[in-house]
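Annotated active site per Swiss-Prot: Asp188, Glu272, Asp353, in sequence order. Residues annotated as Zn(2+) binding site in Swiss-Prot: Cys325, Cys328, Cys344, Cys346. Summarising the annotation, Swiss-Prot assigns compositional bias 'Basic and acidic residues' to 204-225. Look at Swiss-Prot and you will find 226-239 tagged as compositional bias 'Basic residues'. Residues annotated as region 'Disordered' in Swiss-Prot: 202-239, 373-402.
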Amino acid sequence: MMQQVKRAFKYRFYPTDEQAAELSRTFGCVRLVYNKALEGRTRAWYGEQRRVSYVQSSAALTEWKKTEELAFLSEVSSVPLQQALRHLQTAFANFFAKRSKYPRYKSRKKSRASAEYTRSAFTWRNGQLTLAKTAEPLDIRWSRPLPEGAEPTTVTVSRDRAGRWFVSLLCEDTITPAPATTAAVGIDAGITSLVTLSTGEKITNPKHERRDRARLAKAQRDVSRKAKGSANRKKARRKVARVHARITDRRCDFLHKLSTRLVRENQTVVIEDLTVRNLLKNGKLARAISDAAWTELRSMLEYKCAWYGRELVVIDRWFPSSKLCGTCGTVRGKLPLNVREWTCDCGAVHDRDVNAARNILAAGLAASACGDGIRPQRESSRTGRSSVKQEPQRATAGIPRL
């Protein structure tokens, strides 16, 4: 059955000098309003144990605009400023619900520069987008068309560290489920092989960062040789950002193609609930694990399975997938990472990764059949339940990566 989802379509655009200046001012004002509101909420929370609502923050913004030193806030569109306060409200709601850490201040150099416009702050006419406080429509490079008849409800403009400008259009889209199939696959994440499938196929890790490591190192050396605060250092930093952007784009493209293929070919996809944050504490493997981007792959699998009528099952991270003999069910005592093949007492010879993928699939199918839980829990291994089923949230709960 077809379903309606909110989907973001991201495009690159090239602003005029006037548009770039206006948007840069807007980015600065958005960052200032966010940080001042966060400062006020922090004083209220840590000083008085008092929570500040969005309405109170919005009233404070009105007062700021009346002061002489912050009168320039009235020169940009008010909608991005209000949206910044809404995002801060969401950040605090997640903090109080213990879903995230305490909100952090936005940095001019490190944070992504962005501004969000709702329907009242932009004009969409004949496929052209004009933002508030700008006279001309944006010069957007339409790399793919919007859904037929779709109109954006929210527009987010951003600029990355490499100096590239992007616009993201949030639209309603109709998703048709993929044709049903009986195939199922278990996925074991790795470093040498990015993923190993229960079919025995190994997807080689492209190692995107390593391909540009020499270029990145040279660009970083150039930065270190420039005087701090100089224009040349700023140019050198932008070159570093361009290399990072190249790596990120290449990685994202590969993961999208891989996740789409896995979802299209299989009715059930089973993965492990890996805690990447803890794995990154391994100094020798941290760079390789970060480059593999397992979390990003999982995120793509989650929303694509939800879109196309597939089932995603996540088994417990403590399930001994590599040490469990898929033939007799015996669990081996120790299995160091350097051991890629091992022989069970029953005589079965196992490839470490293929055996793990097959055990993951078997555990996932068992969890799917019995409906064992909703979300992975660390305690499940102590209570004898080695795997659980996870129902991914619908894409309408947030904007997926595209």
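Positions of Cβ are set from backbone N, Cα and C atoms, glycine also.
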Near the Zn(2+) site, what residues other than Cys325, Cys328, Cys344, Cys346 in the same chain have a C-beta no further than 8 Å from the centroid of the listed C-beta atoms?
Gly326, Thr327, Gly329, Thr330, Asp345, Gly347, Ala348
Sorry to bug you, but what's the C-alpha spacing from Cys328 (Zn(2+) binding site) to Glu272 (active site), rounded to the closest Å?
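Cα to Cα, Glu272 (active site) and Cys328 (Zn(2+) binding site) are separated by 22 Å.
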Can you tell me how far the Cα of Cys325 (Zn(2+) binding site) sits from the Cα of Asp353 (active site), in Å?
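Distance (Cα to Cα, whole Å): 12 Å.
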So how many of the residues in the compositional bias 'Basic and acidic residues' (204-225) end up helix, strand or coil by DSSP?
16 helix, 1 strand, 5 coil
Give me the Cα-Cα distance between Cys344 (Zn(2+) binding site) and Asp353 (active site), rounded to a whole Å.
15
As a test of the contact definition, list every same-chain residue at least 6 positions from Cys328 (Zn(2+) binding site) whose Cβ is closer than 8 Å to its Cβ.
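Listed in sequence order: Cys344, Asp345, Cys346, Ala348.
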Neighbour count, 10 Å Cβ-Cβ cut-off, for Asp188 (active site): what number do you get?
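Result for Asp188 (active site): 25 neighbouring Cβ atoms inside 10 Å.
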Between Asp188 (active site) and Asp353 (active site), what is the CA-CA distance rounded to a whole number of Å?
7
What does DSSP call Asp353 (active site) in the simple three-state scheme?
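Where Asp353 (active site) sits, the three-state DSSP reduction gives helix.
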If you skip the near sequence neighbours and keep only those at least six away, which residues in the chain come within under 8 angstroms of Asp353 (active site), Cβ to Cβ?
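Sequence-distant Cβ neighbours: Asp188, Gly190, Ser193, Thr196, Lys202, Ser322, Arg340.
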